[in-house]
Amino acid sequence: MNATPLAIPDVLLLQSRLWEDDRGFFFESFNQRELKELVGREVTFVQDNHSRSSKDVLRGLHYQVTRPQGKLVRVVAGEVLDVVVDLRKSSPTFGHWIGQVLSAENKKQLWIPEGFAHGFLVLSDTADFLYKTTDYWAPDCERCIAWNDPELAIDWPISSGPIVSAKDAQGVPFHLAETF
Ligand SMILES: Cc1cn([C@H]2C[C@H](O)[C@@H](COP(=O)(O)OP(=O)(O)O[C@H]3O[C@@H](C)C(=O)[C@@H](O)[C@H]3O)O2)c(=O)[nH]c1=O
C-alpha cells in the first residue's frame, strides 16, 4: 500500500497494489500491519459502514465529540468528492479543507484521523461508500458543520443545491463548531 501525504499531512491518500488477471482484479483493501506503519501508530477499527447515495447527494460535514472517529474511507461503486476539514485547534492547518476524488475506478482510500469533520458529494449516478471507524457511532456525540459554510468556502463541484438530509440542513457555522 502506498501513502501520499496531502496538504494536511496527517491525512493520507492510500493506494493498494492492484493485481489484475483474466478473472478480474484483487487488492488488499485493508492491512492492519501496513496501516500501522503508514500512520505511525496502531489504528484499531471497531465498525464498518456502507452507504449508498444518488447523484448530487451531499453527506456531511460530520464528526463526533468525546468519541472522535478515525476513518478509512473508499468507494466501491461510482465516484465522490470526499472532503475533510481540520478541527484540531493546535494544528497549523486548523480550518483548512482538502478534497479528493474517490471512485470505484481509482480505488483510492483516505485515512482521516480523529479530529476532522468529514463529508462527501456524489458525482456519479449512484455511489456506494464504505468506511471503517475507530470508535462506535455515538448519536449524542454527533455534530454537523454546514457544508456551505462561507468561512470554509469548500469548492463543491455543483451548480445548484445538493440533496442533503434534514439533519445536515441544520449544520452549524464553522465558527460555532466544537473543535479538538
Ligand atoms: C452514522 C451512523 C448512522 N446510523 C443510522 C442512523 C440513521 O438513522 C441512519 C442514517 O444516518 P446518517 O444520516 O447520520 O448517515 P450519514 O449522513 O451517512 O452519516 C455519515 O456521514 C459521513 C459523511 C460520515 O463521515 C459518517 O461518520 C456518518 O456521519 O443510519 C447507524 O445506525 N450507525 C451509524 O454509525
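Just so you know, glycine gets a Cβ as well, placed from its N, Cα and C.
The feature active site, proton acceptor is assigned by TrEMBL to His62. Under the heading active site, proton donor, TrEMBL lists Tyr131.
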Problem - Spatial separation of Tyr131 (active site, proton donor) from His62 (active site, proton acceptor) - C-alpha basis, Å - result: 14
Problem - Mapped DSSP class for His62 (active site, proton acceptor), helix or strand or coil - result: strand
Problem - Conformational class of the residue listed as 'active site, proton donor' under the three-state DSSP mapping - result: strand
